[in-house]
Amino acid sequence: MDFLLLGLCLHWLLRRPSGVVLCLLGACFQMLPAAPSGCPGQCRCEGRLLYCEALNLTEAPHNLSGLLGLSLRYNSLSELRAGQFTGLMQLTWLYLDHNHICSVQGDAFQKLRRVKELTLSSNQITELANTTFRPMPNLRSVDLSYNKLQALAPDLFHGLRKLTTLHMRANAIQFVPVRIFQDCRSLKFLDIGYNQLKSLARNSFAGLFKLTELHLEHNDLIKVNFAHFPRLISLHSLCLRRNKVAIVVSSLDWVWNLEKMDLSGNEIEYMEPHVFETVPYLQTLQLDSNRLTYIEPRILNSWKSLTSITLAGNLWDCGRNVCALASWLSNFQGRYDANLQCASPEYAQGEDVLDAVYAFHLCEDGAEPTSGHLLSVAVTNRSDLTPPESSATTLVDGGEGHDGTFEPITVALPGGEHAENAVQIHKVVTGTMALIFSFLIVVLVLYVSWKCFPASLRQLRQCFVTQRRKQKQKQTMHQMAAMSAQEYYVDYKPNHIEGALVIINEYGSCTCHQQPARECEV
């Protein structure tokens, strides 16, 4: 074919000048990449995109050229051999996820220089050589999640200056090598969650100047030091949820632009007072489900930019140390979870923190100050119960006395009696509403029974009528018995004249006197 085209060009050049143009066009056509030779059986072709998915393939199709995209997901590939994709020099994306790949040779992706997206997730890969991604310097996205990687080669991502997204979730990675991401200057999203990381090196994330989102959740980290994230000037979201973190510290004094931090579900008992001063732009903070008992006033003062915070599920000690937190919450204008319960002391267990502060007068005058600060009168129960004229609890710094010692300043704020009256009214209203609600429930049950079971109600009514008749009969019998038991006395008035009664017999007369008598009728 090439010789024929060359002969035609020479012929046209000899006969007319326009042959030069035709020869140039022919040369251009020869330089264009060849179209795919044919669509393999059972695969789906869309132009220069080939989809061979869920076909139980054990090897990649052969004799493929000119493809821009190849999907071999949901098959039974077990290994990637060296030079397996050498004929796909125009390929821009390659999907190999959901196979059984356990071995990837170092030269498996040879000559795939134009590939920008590579997916190897949901396989059984245990290790990757340093040279695995070297033939693909234009990679933008790599997905290695849901494999069995235990370690990362120190130079695994060397040369990937255009990489923007890297997924390594759900592996068995125990350590992140120092400066492993040094060349990943464009990386914006990094996910190493659901692994087995126990610690972080100070320079593990060095070079990630454009990183905006970092996921380290569900690992085994026991300590968080903000010094482990140096120069991450573009980081906006840091997720450390569900680790085993007990303390949070910061050994470097520098400021970064973090806006969202998730530390929930850990075992945090202590946070350095200055730890949040390095994140002055923090807007969302999640500290729920930890072991915090109180929060230092200095930490609370550094939360000036927060708009949302979660603190539930901690072991709050509702003693004097809780006053600073209660005061801050009463003045906080953002969103926070209302389910903050006291874990100690015993008399306040299960009570809401703000309710306990008010009910037990924890922050009134006369108590000793904590941490060089004194909180004045009781913190109001809720913003909806606080009267307009009452003031919230105020945190006041101490001053120096005449002898140079620190003396607390107490400030008495009005509104205690009004708040107490409001609480009493609230209790009365709540009880009344509960009674009304109970009565309505009873009426509703009777109405539903009357509508759904009329025969049963008729029998029940007849039973009540019969019982009432029996009770009336019993009462009548008792009354008649009582009347018959009474004695009625009738005075007897004889017809003859009371006086002497003369009886005459053969011996003579006998005189006797007759006394009046009474007859008793029964």
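The backbone N, Cα and C atoms fix where each Cβ goes, and this holds for glycine too.
Mean predicted confidence for the domain 'LRRNT' (35-63): the pLDDT average there is 87. The domain 'LRRNT' annotation in Swiss-Prot covers 35-63.
Taken from Swiss-Prot, the feature domain 'LRRCT' applies to 314-365.
Within the same chain, residues at least 6 positions away in sequence whose Cβ sits under 8 Å from that of Asn56 (N-linked glycosylation site) are Asn75, Ser76. Secondary structure at Asn56 (N-linked glycosylation site), as computed by DSSP, is coil. Taken from Swiss-Prot, the feature N-linked glycosylation site applies to Asn56 (among others), supported by sequence analysis.
Reduced to three states, the DSSP call for Asn63 (N-linked glycosylation site) is coil. The 10 Å shell around the Cβ of Asn63 (N-linked glycosylation site) contains 9 further Cβ atoms across the protein chains shown. Taken from Swiss-Prot, the feature N-linked glycosylation site applies to Asn63 (among others), supported by sequence analysis.
According to Swiss-Prot, the N-linked glycosylation site annotation covers Asn130 (among others). Residues within less than 8 Å, Cβ to Cβ, of Asn130 (N-linked glycosylation site) and separated from it by at least 6 positions along the same chain comprise Gly106, Ala153, Pro154, Asp155, Leu156, His158.
Positions annotated as N-linked glycosylation site by Swiss-Prot: Asn381 (among others).
A Cβ distance under 8 Å defines the sequence-distant neighbours of the repeat 'LRR 1' (64-87), meaning residues of its chain 6+ beyond its ends; these are 33-37, 40, 47-58, 93-112, 119. Annotation comment: Swiss-Prot describes 64-87 as repeat 'LRR 1'.
Marked as repeat 'LRR 2' by Swiss-Prot: 89-111.
Sequence annotations record features per position, and here Swiss-Prot assigns repeat 'LRR 3' to 112-135.
If you look up Swiss-Prot, you'll see 136-159 marked as repeat 'LRR 4'.
Listed by sequence, the residues of this chain that lie at least six past the ends of the repeat 'LRR 5' (161-183) yet keep a Cβ under 8 A from its Cβ atoms are 121, 137-155, 189-201, 203-208, 215. Annotated repeat 'LRR 5' per Swiss-Prot: 161-183, in sequence order.
If you look up Swiss-Prot, you'll see 184-207 marked as repeat 'LRR 6'. Helix first, then strand, then coil: DSSP counts for the repeat 'LRR 6' (184-207) stand at 0 helix, 3 strand, 21 coil.
Sequence-distant contacts of the repeat 'LRR 7' (209-231) (same chain, at least 6 residues past either end, Cβ-Cβ under 8 Å): 169, 185-203, 237-252, 254, 256, 262-263, 275, 278-279. Taken from Swiss-Prot, the feature repeat 'LRR 7' applies to 209-231.
What Swiss-Prot lists as repeat 'LRR 8' is 233-255.
Away from its own ends, the repeat 'LRR 9' (256-278) comes close to residues 217, 224, 226, 229, 232-250, 284-293, 295-296, 298-299, 302-303, 310 of its chain (Cβ-Cβ under 8 Å, at least six residues beyond either end). Annotation source Swiss-Prot lists repeat 'LRR 9' at 256-278.
Residues annotated as repeat 'LRR 10' in Swiss-Prot: 280-302. Sequence-distant contacts of the repeat 'LRR 10' (280-302), counting only residues of its own chain at least 6 positions beyond either end whose CB sits under 8 Å from a CB of the stretch, comprise 241, 255, 257-269, 271, 273-274, 308-317, 321-322, 324-325, 328, 337, 343-344, 371, 373, 395.
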Which state, by DSSP, holds Asn130 (N-linked glycosylation site): helix, strand or coil?
coil
